[in-house]
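Per Swiss-Prot, the features are as follows:
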| type | residues | note |
| --- | --- | --- |
| SIGNAL | 1-19 | signal peptide |
| LIPID | C20 | N-palmitoyl cysteine |
| DOMAIN | 35-291 | domain 'Fe/B12 periplasmic-binding' |
| BINDING | V41, A42, S60, Y61, M78, H229 | heme binding site |
Amino acid sequence: MRIIKYLTILVISVVILTSCQSSSSQESTKSGEFRIVPTTVALTMTLDKLDLPIVGKPTSYKTLPNRYKDVPEIGQPMEPNVEAVKKLKPTHVLSVSTIKDEMQPFYKQLNMKGYFYDFDSLKGMQKSITQLGDQFNRKAQAKELNDHLNSVKQKIENKAAKQKKHPKVLILMGVPGSYLVATDKSYIGDLVKIAGGENVIKVKDRQYISSNTENLLNINPDIILRLPHGMSEEVKKMFQKEFKQNDIWKHFKAVKNNHVYDLEEVPFGITANVDADKAMTQLYDLFYKDKK
C-alpha cells in the first residue's frame with residue numbers, strides 16, 4: 001500500500017510539474033519572448049510598425065528604424081550568413097515568398113522551419129501583416145496598420161475613379177547596366193493601378209519582362225516611370241544616358257511632354273512595404289497633377 005501511495009504521489013507531482021512547465025512556456029510565448037530575425041528590409045520595417053523587437057537584421061544601405069540600430073547584421077537578404085544567424089539563437093527567421101526557392105538551402109543549413117510572407121502586392125502585404133500580428137501577439141497593431149493602408153487606398157481609388165481619363169503608363173525597373181519593364185503583377189504595377197494609371201504592358205504571368213524600345217514606341221505611353229533597384233544614383237545616371245543617347249526615346253509622347261519621372265526607392269521599391277500609403281499618394285499626384 002505504501003508503495004502504491006508513493007507512486008500515486010509521484011505521478012501527481014510529475015503531472016503538476018509538467019503542467020506548470022507547459023503553462024510557463026505558454027506564458028513566455030504570450031508575453032512576446034520571441035527571438036525574431038527578419039531577412040529583408042520590408043519585413044524589418046513591418047516589424048517596427050508592429051512594435052516588435054528583433055535579434056538580427058539584414059545588411060542594407062537603406063536606413064532601418066533607429067530602435068534596431070544596435071541589432072547585429074546577418075547579411076544580405078538573398079544571402080544571409082548561416083553562422084551569424086545561428087549565434088543569435090532565433091525562434092523565427094522570416095523571409096518573403098518571392099525568394100522562397102532560393103532561401104530553402106539556407107533554412108536547411110539552419111535546420112529550422114522557414115516562414116515566408118507575401119510582399120508582392122499591397123493586398124499580399126496586408127494579409128502578411130495580419131499573419132504577423134496573429135503569430136507574434138500584435139493583433140491590435142496589425143489591425144491599426146491595415147486600417148490605415150485601407151483608408152489611404154480607398155481615398156486614392158475614389159479620387160481616381162472620378163477622373164475622366166486615365167494615363168497610360170510605362171514602368172521601367174532599372175538595375176546598374178540594364179532595365180526591365182514592370183507588369184501589373186509587380187508591386188509597382190499594383191500601385192499604378194490603384195492610383196488610376198493604366199499599365200501599357202498587358203502580360204499577366206510575370207512581374208517583369210524584357211522589351212525593346214521599338215515595341216514600346218508602338219504602345220506610346222502618356223507617362224514613363226523609372227524605378228531603381230539598388231545603387232539608385234547609378235541607375236538614375238544610366239537612365240539619363242539611355243534616354244539621351246538612344247535616339248528613339250525622343251519620339252515618345254511622354255518624353256516630348258516631359259512626363260518622365262524618376263521614382264525613389266523610398267517610398268517605392270520592388271517589394272511591398274509599409275510606406276505604401278506615401279507611394280500611392282505620390283503616384284496619384286503625378287498622374288493627375290494638372291487636374292487638381
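Cβ coordinates come from backbone N, Cα and C, glycine included.
Remember, it's a predicted structure, so these values are computed and weren't measured experimentally.
In sequence order, I99, E102 are the residues near M78 (heme binding site), counting only same-chain partners six or more apart with C-beta under 8 A. Listed in chain order, the extra residues whose Cβ falls within 8 Å of the Cβ center of the heme site residues V41, A42, S60, Y61, M78, H229 are T40, P58, K62, Q76, P77, G230, G269. In the three-state DSSP scheme, H229 (heme binding site) is classed as coil. The 10 Å shell around the Cβ of V41 (heme binding site) contains 22 further Cβ atoms across the protein chains shown. Look at A42 (heme binding site): DSSP puts it in a helix. Spread of the heme binding residues is 14 Å (greatest Cα-Cα distance among V41, A42, S60, Y61, M78, H229).
In the three-state DSSP scheme, S60 (heme binding site) is classed as coil.
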